[in-house]
Amino acid sequence: MTALRSRTNLPPKDRHSPSAAPSTAEDGPSDSTSTSKPKPYLSDPEEGPSRLSLLDILRVLGGLFLLSSTLSYFITGDSILWGYRPAITRPARIKAWLRGPYDLTDAQLSIYNGTDPTLPILVAVNGTIYDVSASPHFYGPGGSYSFFAGRDATRSFVTGCFDTDLNGDLRGVEEMFMPLEGEAGDDPTKEGRRERKLRREREKRTARKKVEETVRGWEGMFDGGKDGKYFKVGKVDRGPGSGWEGWGEVKELCQKAREGRPRRTAEEVGGRG
């Protein structure tokens, strides 16, 4: 009885101590003898999972661009973009865009011939104006093609006569593509004359198409698109109130164009063409 009282008077922590109630094998191993396993590593929940930052992506892209630009410059010799030249790298295009389209008469166009360094160098083809300031060594004063600057020289583009045909009059130019008429062997009959007239009409239509193709070729050369060094900037004003009086009388073909006309074959001369 005395022993029971003394036991009940023990502090709570001593009531369950090993000395008070030793554990048995049935109770299993105690916490003090259990083996603790290492906990897996967990990233800081505030930082989130590890990933590439925006700065890392920009660094990679910047390195690739620098490598590509270096290779492009060594291969092309003058371009870091493999020959591509955006409009932003061409000051003349930016100035033309800020200024707006040109609307010039032939007299006004003549001022833009490269003699004034503050003005662009302009040429016109079939009434359309193009900026060729990117090649002052060609179209500026003393250049190989300076006679094209400040004018519409479409006729000379077709005929090749750069001394006499520096104008935009295309009337009669199609004759340079039409065979010369021969007198010997022509059929004098009514049917022969009718066939000859029809043949000439067919040849004239074909010749006019050749003139149009030639003009389009020159237009394509000067209109390099948004990435070309030459570009379209406006139109020549030949409407009412512009002071334009027309081209005057139809001009004869220049000597070079006459000498280059095709010859009609013997079958065509005999009326069998």
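Cβ atoms are placed via backbone N, Cα and C, with glycine included.
Per TrEMBL, the features are:
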- 30-40: compositional bias 'Low complexity' (COMPBIAS)
- 187-208: compositional bias 'Basic and acidic residues' (COMPBIAS)
- 104-185: domain 'Cytochrome b5 heme-binding' (DOMAIN)
- 1-48: region 'Disordered' (REGION)
- 180-208: region 'Disordered' (REGION)
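For the domain 'Cytochrome b5 heme-binding' (104-185), the model's average pLDDT works out to 92. The DSSP breakdown of the compositional bias 'Basic and acidic residues' (187-208) into helical (H, G, I), extended (E, B) and coil residues amounts to 19 helix, 0 strand, 3 coil. Residue counts of the domain 'Cytochrome b5 heme-binding' (104-185) by helix, strand and coil are 22 helix, 11 strand, 49 coil (DSSP-based).
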